[in-house]
Amino acid sequence: MSGKVDKKKGSSVKKTEGKSKEISALAAKIRAKALENQKKMLKNSETTSDQEDDPSESEEEEGSDSEDVEVSKDKQEEEEEGETFESFSDLDLVPELIEACKNLNFAKPTPIQARSIPPALQGHDIIGLAQTGSGKTAAFAIPILNRLWHDQQPYYACILAPTRELAQQIKETFDSLGSLMGVRSACIVGGMNMMDQARDLMRKPHIIIATPGRLMDHLENTRGFSLRKLKFLVMDEADRLLDMEFGPVLDRILKIIPTQGRTTYLFSATMTSKIDKLQRASLTNPVKCAVSNKYQTVDTLVQTLIVVPGGLKNTYLIYLMNEFIGKTIIVFTRTKANAERITTLANLLEFSATALHGDLNQNQRTGSLDLFKAGRRSILVATDVAARGLDIPSVDIVINYDIPVDSKSYIHRVGRTARAGRSGKSISLVSQYDLELILRIEDVLGKKLPKENVNKDAILTLRDSVDKANGEVVMELNRRNKEKIARGKGRRGRMAARDDMDKGER
């Protein structure tokens, strides 16, 4: 009997080794194609530099694009009337804040900061409307910290954010700007230990950054914690807070915290009827600071699309990963399953990828983001949980593997690149089923998206290799799912449901 078992084991080991060698060969084949393409690109760039006196057709097109950018910039500047400031020293800020801005290389206030900080410093409630990547976190953090310097007390300000990742990033901004002021902050989000968070709250932080569901849990259950003396309330990404059905929780929070002596800031990408209703219920005579009152993207973002034939989306994606080797890429998918599959496929083919989606626990999600931010992974494959608020400065490319179902999500996805004046590129993979969606997006943008230039012959040579690797991935993920089911993974109940709500994914 034991001999038979050993033979079977030996056979399965040989099969596994065979598959491993085969996949390694596929990865090497794909990498060789990438190297070949890079050499061609280098050759072309050398040829182009030799022909500087005789500009090519593509250079003429590039010049016309830059003219369009200048026109749109002029138009934007006409729309954005109001006072401009050459540096943060021009604002009435305490020296510690001005010094912190210098240390963070904040050269001068962005348009939303220039518009909202002066009235905020005068004590007004603020409605801030600005496109993603415009510097709105600092727009509310700076006036809060400036006032805190003169009136230090615990539980001074509470910032509500729709996702854990955004909450953590807001905390980092407050910690950086308040580094010379001894500011204490706490991040209170779902998916983390309630007792640890209760201990953080008992240390009496000045600034609390929270997702609404978890904040409500602590207001109801954590002894000694109260926001009765709260001076500032901020609702960041307010449109997203309402889209994620936090409305009832927000209503309960607004009833608990004081109205007298409280300053409220509401920041959103758009002004909708829901936002209008929320601001009427929570703000008093607010000053409206709008840098943009419609869906738009920044001028430094190049947006293109690729019409993908049926069954070739994986191949096109791997081709693009090859083309942009050395660049930082975020790939957006509509489902958690696709995010996990694409991450596994990319890693199997020896790319450097990590996933971000709602099936990961908080530590795993934080770990993924840290790997990507630190440059230890060049590709982040994410669902829309990551599309709002994530401030990763050096994202070069955004790829929409799945086209989002609404224009707002598209704007927020592509807003992960070309942030704070940097250039960036987004590429959307459009199947025959996505044509209606992309037409809607183009209608909102007010322009047609040009087609990305691709080498179709190079793509077709990758097809068999990618399909074979994807088949291996599907089998591996099915095996993992069976193991999870066998283990009876997952706790449920009231707290788990609340944590799911904070994740921002259904």
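Note: Cβ is positioned from N, Cα and C throughout, glycine not excepted.
As written in Swiss-Prot, here are the features:
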REGION    1-22  region 'Disordered'
REGION    37-88  region 'Disordered'
COMPBIAS  49-69  compositional bias 'Acidic residues'
MOTIF     86-114  motif 'Q motif'
DOMAIN    117-289  domain 'Helicase ATP-binding'
BINDING   Ala130, Gln131, Thr132, Gly133, Ser134, Gly135, Lys136, Thr137  ATP binding site
MOTIF     236-239  motif 'DEAD box'
DOMAIN    312-460  domain 'Helicase C-terminal'
REGION    485-506  region 'Disordered'
Segment confidence, the motif 'DEAD box' (236-239), expressed as mean pLDDT: 90
Tertiary contacts of the motif 'DEAD box' (236-239) (same chain, 6+ residues out, Cβ under 8 Å): 136-137, 140, 159-162, 166, 170, 266-270, 272, 274-275, 278, 388-389, 408
DSSP state at Ala130 (ATP binding site), helix/strand/coil: coil
Tertiary neighbours of Thr137 (ATP binding site) (same chain, Cβ under 8 Å, six or more apart): Gln169, Ile170, Thr173, Asp236, Asp391
Greatest C-beta neighbour count within 10 angstroms, which of the binding-site residues Gly133, Gly135: Gly133
Close in space, distant in sequence - Ser134 (ATP binding site), Cβ under 8 Å, 6 or more apart: Thr110, Pro111, Ile112, Val291
Secondary structure composition of the motif 'DEAD box' (236-239) [DSSP: H/G/I, E/B, coil]: 2 helix, 0 strand, 2 coil
Neighbouring C-beta atoms (10 Å sphere around the C-beta of Gln131 (ATP binding site)): 20
